[in-house]
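To start, the structure under review is shown below, and the notes come after it.
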Amino acid sequence: MGKKAKKKARAPTKEIQTMEISKKVSEEPPSQAGEIAEGDVKAVKETQACVHFDKALNLEKVLDKIKSSRQIKCAECNEGVYGKRGTKAKGSKGKKDFSSSDPKSNNKAIWLCLECGCYVCGGVGLPNGPQSHVLRHSRVTRHRLVIQWENPQLRWCFPCQLLLPVEKEDNGEKKDVLSEVVKLIKGRSLNNLASSDIEDQCSGSGSITSDIKLEGAVTSDIEARDGYVVRGLVNLGNTCFFNSIMQNLLSLDRLRDHFLKENGSGVGGPLASSLRKLFTETKPEAGLKSVINPRAFFGSFCSKAPQFRGYDQHDSHELLRCLLDSLSTEESALRKKRGVSDNDEKSTTLIESVFGGETSSIVSCMECGHSSKVYEPFLDLSLPVPFKKSPPKKPQPVSRAKKAKLPPKRVPKNVSKVSKVSKVLPGMVLSELNSSGKSMAVTADSDTSCSSLAPLDNGPVLETPSVLTLDNNQASESASQSDTGFDGSWLDFIGPETSGDETNLDMQEDGIDNVITAEVNQIVPSPNIVANSSVSSGDQTLEGNTERLMQDYEEIAKAEANLDEKDVQAMQSDECPATSGISAEFSQASCIGCDPGIGESSSSVNPWDEEELPLVVADSQILYMPYKEISCNDKSVEGECEASSSFVTGDHEPQNSDFVDFGGLFDEPETTEGPVFGPPSKAEASGVGFMAFSSESDPEEIDDSDLPVSVERCLGHFTKHEILSDDNAWNCENCSKNLKLQRLREKRKSNEDESRSSNTSNGWVKENEDEGFGETEILAVKQDPNDTSCVKDHSSDGRKAARIHSADESESKGTQDEDEDSEKVITVKRDATKKVLINKAPPVLTIHLKRFSQDLRGRLSKLNGHVAFKEVIDLRQYMDSRCSGEDPPVYRLAGLVEHSGTMRGGHYVAYVRGGQRVKETDSSSTAWYNVSDAYVRQVSLEKVLHSEAYILFYERIFSQE
C-alpha cells in the first residue's frame, strides 16, 4: 500500500515537470514571441509555410461543431468569450492555475481547435502561454492547429510555433481555406454580442458589461482585406480629446491607403513614421493586442505642439487642426530638402489632398453692382449653431462699496465747525428744497457779514462763464457734507440724494440754525484754494427778506443791460489765463443737465466787479461765484493758478491736512458671475473668490423652436446672403475708381478755368485765341532781321511764347496734380451682399459644430442639444458651380466625435464605422462602434445618429469605387 501511495504521489511531479518542459519549449523562439508581445508584429504573409495544415485540418467537423454549439465557453474553466463572469466549471477541480478568477483571466481569449472544434481559452496574443488551457489541450490531445474566435486572422500551429498565413496559393490563386469558418464565427459573434448585452442589462450587471470590452474583436470583412480592426487607445492622462480624433483618423480609407501602401516604403518625417506604426497596428492580421499605446505618436506630436503636453484638458478640434498642420508642414519641409518645386502638380501635401477643399466668397456692391470673388482653402467647415437666448434675469441692485467714513478730525473747541465752510469754493451758493417745497437760497454778500435765508420762487438764474452748475442731487450732497468740511474733490458732489430735512437736522446738531453765508475778503482763482474769508456764525438767526432779494435781482438785471462790450473785453484781458481756462472748462460742465434757458444765459459775459450784488439761485443749482481781478504777476497767485490747474487734471496733491483723496473711488474690480472653467483651486474649494479670474456661464440650449436644427440647416445658414453695412461696409473698387476719375476731371476742369481766368486778366488772350498755331507758324517763316515789319511780330512772338510757356506750365502743373491725386488712395465704403459657397469639395469633409463660445466678458459656455445629421449628405445645393462631369459631392458618414459634460470637465468619445470599405450606400453591411479610450463596444446606427456630435467626418462616395 505504501509503495502504491508513493507512485501516486510522483504523478503530479511528472506533470509539473512536463509543464516546465513545455514552458521552455514555448519560450525557445524568444525573438518572435517577444516581438509579438511588444506589438511590433511582422505581417502574417511573411511567415513560413506550415506542413501540418493540410494533414491536421478537419473542416467538416469544425463547421458542425460551430453550428451545433449554443454557448462559446472554455471547456476547462467554463469562461465565456464575452461575459467573462469568472464562474468555475464543476470539472475544474478548483485548480488555481487555470481558474478564471485569476486576475490574468481578463487577458485571455477563446481559441477554436481546427481538428475537433473544442473551445479552450488562451492568451490574447499567442496561445502558447504557460498557464493557458489551449496549450494543455494541445499537449493532451496532440492537436496542433487552433484559430482565435475573437480574431479569426490568428491561426497558430503548435509544432511549428508560428502563425499561419491567411491565404494559401492554389493553382496560382490565393484563397482562404477557412473562409467558411470565418463567416460562421462572425455571424455567431454578432448574435452572442447582442444576447450577452441584453442578459447583462436584465441581470443588473450593466454597469460593468454594458461597455463590452471587445479586445481584438473582429470588425473587418475578410473578403475585402482592406478593412481594419477597431482597437482601443490607452489614455495617457486626460488624453481622451486625442484618442477620439485618432480613432476617426484611423478609420479613414484614404489615410490607410497612403500609410499602408507598399508596406510603408515612402518613409516621411518622425511624425508621419509614428503615425504609420499606428495604422500598422490596426491591420486585421496584426490584431494581437487588445489596446494600442499611442505614447510614441503623442510624444512626437507634442514636440511640434508643446501646448498639449501635460495632463490638462484640451479641445479636440484644436488638436485636429494642429495635427493636420504639423503633418502638412513636415511633408512640405521634406519636399524642399528633396528639391521638389512648389509649381509641380504633385506639390499638394497628403493632408491637402485628403481634407483640402475650397470656398468662394462672392461680394456684390449694392450701388454699382460690381462683384468680387475670392477663393479660400479650408480643411474643415466650422458651422455656427443657432441657440436659445437665455431669458433676461431680473436686474439685481448693484451693491457699491460704501465710502469708508474717516474718523472725526479734532478741532479746537473755540473754532466752530462752521469755519470749515471757508474751504468751499469762494462764493459757492447752495440751493435746496425745504420741507415746504420752496427754494432756500444761500447768498454770499461781500459787503455784509450777516447771512440771509429766504424762500424764493423759481425764476431765471443769471450765470457767467466762470460759474459751474450742478444738478439738484449734487447740491444736496454738498450741502449735507458742509458740516464735515470740504475734502477738495468735486467727486463728492456725486452721491446719494439727501433730503432737505435730513440736512437741516444735521446742521442743527452742529450748532448751525440755517444755511450759512460766507463773506469773501480775498478771492483766489481756484476752486480748491482756501480763500481769506470770514464766516459769521453764532446764535443769531437769519431772517429772510423776500422783498430785498427781489430788489437785488432787479438791480442785477439792470446792471447787465447797461454793460458795455468794451468794458467786458477789458475785463477779460485782465483775467488770469489759468483762471479763464478753468472757468471755460467749468462752464462747459455747467451745461450738463441744466435747463435750456440756463444754458443760453451761460454764454453771457461776467459783469461782476468788486462791489457785486447778491445772486439769486434757482432750484438744483450750485454756482461758483466769480473772483476778483488779481494780477497774475504775483508769485502767490501764480502758485495758486498752478495748483488750480493741477487740481482739475488730478496731477496735484494739496498739502492741506484736511484733504481727502477720492481719486480711486470708482476703481473697483469688476466681479463676474458664474462657474469657472478650468481645474478648481484651493480658493475655489474653500469658497474664496476664484470666480473673479475666469468663469463659466450657464449652459445654453440649441434653438429648435421653429425648425429642428440639422447640419443641412447650419450649412444653409453658412451659405446664405449676408448684408454688409455700417462698420462692415465693403470697400468697392469700382466705386473708388469712379470717384477717383470724377475728382480728376473736376481737378482738370478747375485748372483749365484758373488758366483761362489768369490769361483773361492779361487782356490779349481773346484776340489771339483763335489764331493759335497759324500765327506761330507765320512768325517762324519771317526770320529776316532787316525787315522792320518783323519787329512787331517778334514782340508778339515773345508774348505768344510767354503765353505758350505759361500754358505749358499750367498743363505740367495740372499733370503733376493729377499724378499726385492718382497716388492718393481713395476708398469708398458701400453696402454690399456677401455669399459663401463651396467651390471645391474635398475627399474627406470635416464639419465642426461650434458648441463652445466665449462672450465679451470672457466667460465660456457650451451649447447642449442634438443637431440632426444624416448618414449620407449631398452638397450640390451648397456648391458654387454645379457638378457636370465629375462625381456629385455625395458623402457618407465615417465617424464623429462627441463631447459629454461641461466646460469645466467632460469626456470625448468616438463613433467610428468598422468593417469593409464603403462601396455602396447600403449601411446594413457595416457595423458601428463606440470607442471610449480603451473600451470598444458595438452600437447601432440609430444610436450614432442620435448622439450630440461635435465633429463629423464624411467620406466622399466615388463611382469608381
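Quick reminder: no glycine exception, Cβ is built from N, Cα and C everywhere.
Straight from Swiss-Prot, the features:
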type	residues	note
ACT_SITE	C240	active site, nucleophile
BINDING	C50, H52, C157, C160	Zn(2+) 1 binding site
BINDING	C74, C77, C121, H133	Zn(2+) 2 binding site
BINDING	C113, C116, H137, H143	Zn(2+) 3 binding site
COMPBIAS	1-11	compositional bias 'Basic residues'
COMPBIAS	400-412	compositional bias 'Basic residues'
COMPBIAS	790-816	compositional bias 'Basic and acidic residues'
DOMAIN	231-957	domain 'USP'
REGION	1-36	region 'Disordered'
REGION	85-105	region 'Disordered'
REGION	387-418	region 'Disordered'
REGION	744-770	region 'Disordered'
REGION	784-826	region 'Disordered'
ZN_FING	48-183	zinc finger
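On the structure: features taken from Swiss-Prot.
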residue: C50; record: Zn(2+) 1 binding site; contacts (Cβ under 8 Å, 6+ apart): C157, C160, L162, L164
residue: H52; record: Zn(2+) 1 binding site; contacts (Cβ under 8 Å, 6+ apart): R144, L145, C157, P159, C160
residue: C113; record: Zn(2+) 3 binding site; contacts (Cβ under 8 Å, 6+ apart): V62, Y119, V120, V134, H137, S138, T141, H143, L145, V146
residue: C240; record: active site, nucleophile; contacts (Cβ under 8 Å, 6+ apart): H907, Y908, V909, S932, D933
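In the three-state DSSP scheme, C113 (Zn(2+) 3 binding site) falls into the strand class.
When the Cα atoms are compared, C74 (Zn(2+) 2 binding site) and C116 (Zn(2+) 3 binding site) turn out to be 14 Å apart. There are 13 other Cβ atoms within 10 Å of the Cβ belonging to C116 (Zn(2+) 3 binding site). Among the binding-site residues H133, H137, H143, the residue whose Cβ has the fewest other Cβ atoms within 10 Å is H143. Counting Cβ atoms from all protein chains shown, C121 (Zn(2+) 2 binding site) has 28 others lying within 10 Å of its own Cβ. DSSP assigns C240 (active site, nucleophile) to a helical segment in the three-state reduction. Its Cβ taken as reference, C74 (Zn(2+) 2 binding site) is surrounded by 26 other Cβ atoms within 10 Å in the chains shown.
DSSP classifies C77 (Zn(2+) 2 binding site) as coil under the three-state reduction.
A Cβ within 8 Å of the Cβ centre of C50, H52, C157, C160, the residues given for Zn(2+) 1, is found for these other residues of the same chain: V51, F53, A56, R144, L145, F158, P159, L162, L164.
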